[in-house]
Amino acid sequence: MSIRFIYGRAGSGKSLFCINQIKKLIDSDKEKKIILLVPEQYTFTTENKVLNYIGERAFLNTHVLSFRTMCQKVFEECGGRVKQIIKDTGKHMLINKVLNEKIDDLSYFKKMSREQGFNNIISELITEFKKYNINIDALRDLTDKIDDNELVEKIRELSLIYEEFNVKMHSSYIDTDDELTLLAKKLLANNIYANSEIWIDEFTTFTPQQLEIIRILSKASVVNITLCMDKIENSDVEDITNVFSSIENTENRLLKLMEENNIGYLNPINLNSKLPYRFKNSEELSHIEKYCITYPFKSYKGKNKDVRLYKANNTYDEIEKVAKDIIRLVRDRNYRFRDISVVCRNIENYNKIISVIFNDYEIPFFMDQKIKLLNNPLIVLITSAFEVVLKNWSYESVFKYLKSGLTGFNIYDIDRLENFVLEHGIKSYKWNEEEIEKLKNIKIENGATEDELTIFNLMEEVRNSLISFHKLIEGKHYVRDICKALYEFLLSIKAFERIDEWIIKFEELKLEDKVKEYKQVESIVIDMLDQAVEVMGSDVVDTFEFFKILNSGFENEEIGVIPVALDQVNVGDIARIKGREVKALYIVGINDGILPAAHKDEGILSDRDRIELKEFGIVLAADGRSKAFEEQFVVYTALTIASEYLMLSYPMADFEGKSLRPSIIISRIKKILPNLVEESSLYDLSKRSDHFNKVISPIPTFNELIFALRRELEDEDIDEEYWGEVYNWFKENEDFKWKIENTFKGLRYSNTGEKVSRNKLLSLYKNDLGKLSFSVSRLEKYAECPFSYFIQYGLKAKNRKVYEFTPPDLGSFVHDILDSFTNKVKKEKIAWSDLDMIKCKNIVSELIDTKLKEDSGSILNSTNKYKYFSKRFKRVISKSVSVISEQMRRGEFEVFNNEFSFGSYNDGEAIVLELPSNEKVYLNGRIDRIDTLDLEGSTYLRIVDYKTGNKHFDLNQFYYGLQMQLLVYLDALIKNSEYILKKQALPGAVLYFKVDDPIIKTKGDITTEELEKEVLSNLKMNGLILKDAKVVKAMDRGIETDGYSLVIPAALKKDGDFKAGSEVVTEEQFTLLREYVNKKMIDLCEDMLCGDIKIQPTKDSDGSHCEFCDFSSICQFDSSIEDNKYKIIMKKSKDEIWNNIRDELNDDKKEN
């Protein structure tokens, strides 16, 4: 018999020609058997075409098949597989088995073979070998011919794996990749298609397996093959840069097959001689088809009406524009949704946003994409049940298991359990029965609540359900036993029953996609376990090995879906759009590197390897360079699929705001269609032509109405006059009536804290003794944001407790150790000058060890991680105290006291603030260290506050009430110095000291002395110092000789005056600061009690308080709302701050 080629470029009517010829054959010979062979993904649409053009009678003797369905049909009629077919999951398991057995024979792939996903790579390569008829002998013969040692090693080991795989496979099973080989044998033995008419359409290329089927069919039948090409002339020279190169290559291979097998060559049909059928109604689209890949090209001179180009701000803007345009086509131009398709090259980046927006716009659509099973709750349940044992009962694995929704525990109990587990750090061995019982007894001794006892019972239920399963799978077991244990575990927790219940709910909600997914997932899991038993049942593996095999199978499982309705917009990948009748096409995401797609992953066999193998007659799939030019054909197909209307779009930024560049396709189209206007949100042609362009479907129209109302409230001009009628429509509509009312409330909504009565606030803030007792840090928090303060200290809101070592915990720990260190030095009468690094290290180590021993339940004793932290803290604190000792050694100040508390009635009385409203506020606090100096009959005070973070004194922050602590402490000590020191004191300095072990960066070698100086400089105290050279020199003797200090922020000129940059203030200025801080505290307290709970976070050049606030979800501060404004901390000069302080104090004195 013979083969005939049907040539035609895109849109020339090749598929229609085939169907018309089939119709003529049916009319002339009703008994003639006809086969229409198309790619698998096009069978459904092709059957619809045949049904529409010919009618039901076509299917009496005409069969629309793919190569796979041809296998099934032939095997049904002639008998076929005598062995069980192995699925992809079983194939991966078999490959895993081969790799484990042959691991010692591998060198190149030995390490690689243990990596996750390697099985998939080998599976794909074996499939490729079979599709291209590459046998083991052909691979082995190469090892003596190739000079590339690395490639020889790859081929040798691949041959070994390939051979062993085939031996194990063919002993009991048949691979889906072998089906076409078996089909060829059946067709040769059973001439079932003799005298048939075969039509092959929509193929770009054929694998050697498929070519063999075509060869056999053409021996007994007439075979017609469509080729998407623009010429009939044959060329022996392959030009891969030609967009039709892959088709031409297919043609050459078919001609060679015909020549070698003496197959007749019928006169070809050329459909390129007339105007393309598809574009009979659109000159623009016809012009694009003709010149989008042609060099040189001609520009289209006509008026543009069928092509649009849209530059979107982002993907949301892009898809919303597409949705609006689809509605326009359906509403104004009488399109059906089924006439429209939306395609892109990266559907996984668009599927969610398309689903959301199309549902809002009430556009029915079919997402032509397979569903990945890895995130299905049943799969999550199974993988997490294994992860619990493999990850030793980690928090993540336990709650991943519980939150799968299939364990039988209700979400309220799971949430309570999660809070309890986080609070007590329950993970790993703490899930042991003994540890839980120990914690339970401690709770009972301390008066456990009923809620806590319920949680312990819940923990026991969780443990029991998993422990019984883990006992059956831990260690090494036969695969069949692990599969049985897993299946029985799923039955015991009634997972399948809950899946069935969900399916019923999905059916009630008409969620067809979910129904299909959940109906299939159960059978997929059981099939996978069956495959595991069939393939590896007698193999002994450990839990991790089995989990790897199982997880690999789940990663590759996908569920195919078919359209549930006829009138839907088709959404999918560009590569799957062929074969459809599309009147209007939207191509989205036309960005550089995305369309055309960039092929980077070469796999085990690189492009170079494939080219070298091709030289020795081993032809495999296309290399990266060829794929790049094949991608041009994909682009050509996409641009030419629409018959009436084409809209191209690209976003300028992705979801993260990262800028994107337009594809080269955009510039090409602009040149071909010079009259094409690039639209955007700023220049939208539809707004000019459609006065009602914002009135679309109810939800988006409702959103536009809200924007219009918002603009009106803000006194902006509104061009549209129809919003009043739109508002009335929504007001009368039952579905939107309540929404419109709530929205109006929202538009008038003022996000401000409600006024709270003074009495209520007093009752909230007073302590158990009925006093208003605050710390200075609390007042600073109020200055940062009044509302945040009210939530934390008024309503007593707290974060979920988590068993972790937080920065505040570190601060308390460091303060305790430094306090103990100072007390030990004082008690044992050790002079600071006698402390060196070794002594400091020994004392600190002893203090920390003692503290951790006394507090056996400390988190620092819990895990190796925290034990390492405690060692690190020893190093940091040792370095810090050695620096403190050096600072004390360099000066004349002496430590008077440390951890001095006022307001606790142990060291000193509270600071009392008398408010204008006659309430008294008692301030309490703790001073880390008080140093004193007796000089020339006067006593000077130095306040030192230890900080574990980067805290620097900022006069600007002090002015706004955000850094008051040091000055409050200084004022309290000076006012009470007669009582505390037994003599009047003067201000010397207020300083922060950072507790740290700094890393010193150097350029080359450094001496020990230089290193010590660098450390001192890095840990130099910062704050304010009295502008008195004698006092400053008493803090650091070295300043006199060096001119600068390594201890304090001060430097002296040669004449004894202070250099610029020295943080010094006069005694009078210290007095001003003390007076101002008292005034500021009174103002803040009075403001706090007035009842106006302002949502007013502070903001400066470094950011806003909201960035670190735990309560931002409560206040919902939004700077776009008129009433929500930041309290801006303006950066003022020092002179301006001093002038403001003086002015405010003077004004205050005048008022009083």
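The backbone N, Cα and C atoms fix where each Cβ goes, glycine too.
According to Swiss-Prot, the ATP binding site annotation covers Gly8, Arg9, Ala10, Gly11, Ser12, Gly13, Lys14, Ser15. Counting every protein chain shown, the Cβ of Gly11 (ATP binding site) has 24 other Cβ atoms within 10 Å. Taken residue by residue with DSSP, Gly11 (ATP binding site) is part of neither helix nor strand, so it is coil.
Under the DSSP three-state reduction, Cys1115 ([4Fe-4S] cluster binding site) is assigned to helix. Sequence-distant neighbours of Cys1115 ([4Fe-4S] cluster binding site) (same chain, six or more apart, CB under 8 Å from its CB) are Asn751, Gly753, Phe787, Ser788, Ile791, Ile1095, listed in sequence order. Positions annotated as [4Fe-4S] cluster binding site by Swiss-Prot, on the basis of sequence analysis: Cys785, Cys1106, Cys1109, Cys1115.
Taken together, the residues in the domain 'UvrD-like helicase ATP-binding' (1-338) have a mean pLDDT of 86 on the 0 to 100 scale. Summarising the annotation, Swiss-Prot assigns domain 'UvrD-like helicase ATP-binding' to 1-338 and lists sequence analysis as the type of evidence.
As annotated by Swiss-Prot, domain 'UvrD-like helicase C-terminal' applies to 276-579.
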Other same-chain residues whose Cβ falls within 8 Å of the Cβ centroid of Gly8, Arg9, Ala10, Gly11, Ser12, Gly13, Lys14, Ser15, the recorded ATP site, in sequence order: Cys228, Leu271, Pro276, Tyr277, Arg278
Spatially closest candidate among Cys785, Cys1106, Cys1109, the listed binding-site residues, to Ala10 (ATP binding site) (Cα to Cα): Cys1106
Cα proximity to Gly11 (ATP binding site), best match among binding-site residues Cys785, Cys1106, Cys1109: Cys1106
Extra residues within 8 Å (Cβ to Cβ centroid of Cys785, Cys1106, Cys1109, Cys1115), [4Fe-4S] cluster: Phe787, Ser788, Ile1095, Pro1097, Ser1104, His1105, Phe1111, Ser1112, Phe1117
Tertiary neighbours of Cys1106 ([4Fe-4S] cluster binding site) (same chain, Cβ under 8 Å, six or more apart): Cys785, Pro1097, Ser1112, Phe1117
Secondary structure of Cys1109 ([4Fe-4S] cluster binding site) (DSSP, helix/strand/coil): coil
Rounded Cα separation (Å) that holds between Gly13 (ATP binding site) and Cys1109 ([4Fe-4S] cluster binding site): 65
